[in-house]
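Trainee: So Swiss-Prot has the following annotated:
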- 116, 120, 126: Zn(2+) binding site (BINDING)
């Protein structure tokens, strides 16, 4: 699995942890081992530019996903097709503000945003109430499993 993480923001970030998180999520969702994913951290100005260009919304946002191939999670016992999953773009400055409001660390918020972005790349959405329940339930389940795996590593 090819996971490329690049930090083009002015905010220090744990790129290795983000790559490990992405691998954890893709493995949990049985995405093909030859799939490719890019995670990019950018400052507010480039994120605002992307937000206007692709979503026609002003100002920076927390995370944007740009799917390439239309990959979906694998079925039980099978992986998905190989291909290029796409790009997840995260703005750490927006993440920091959201983390403060939510009462958790910026790293926890970036983990959440990365997970959320990957789920969008895999076809999940939250426009309708039933989609929202499904996506956020899976997101919470994946993040809980990720935190458990980190705790086990620390032992």
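Yeah, the Cβs are placed from backbone N, Cα and C, and that goes for glycine too.
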Trainee: Can you name the residues of this chain that are 6 or more positions from residue 116 (Zn(2+) binding site) yet have a C-beta less than 8 Å from its C-beta?
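Mentor: Once residues fewer than 6 apart are set aside, residue 116 (Zn(2+) binding site) is near 63, 139.
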Trainee: Starting from the Zn(2+) site formed by 116, 120, 126, give every other residue of that chain whose CB sits within 8 Å of the mean position of their CB atoms, in sequence order.
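Mentor: Not counting the recorded site residues, we get 63, 65, 117, 119, 124, 125, 135, 139.
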Trainee: Which of the listed binding-site residues (120, 126) has the least company, meaning the fewest other Cβ atoms within 10 Å of its Cβ?
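Mentor: Checked 120, 126; of these binding-site residues, fewest Cβ neighbours within 10 Å: 126.
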Trainee: Give the three-state DSSP assignment (helix, strand or coil) for residue 116 (Zn(2+) binding site).
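Mentor: DSSP call for residue 116 (Zn(2+) binding site): helix.
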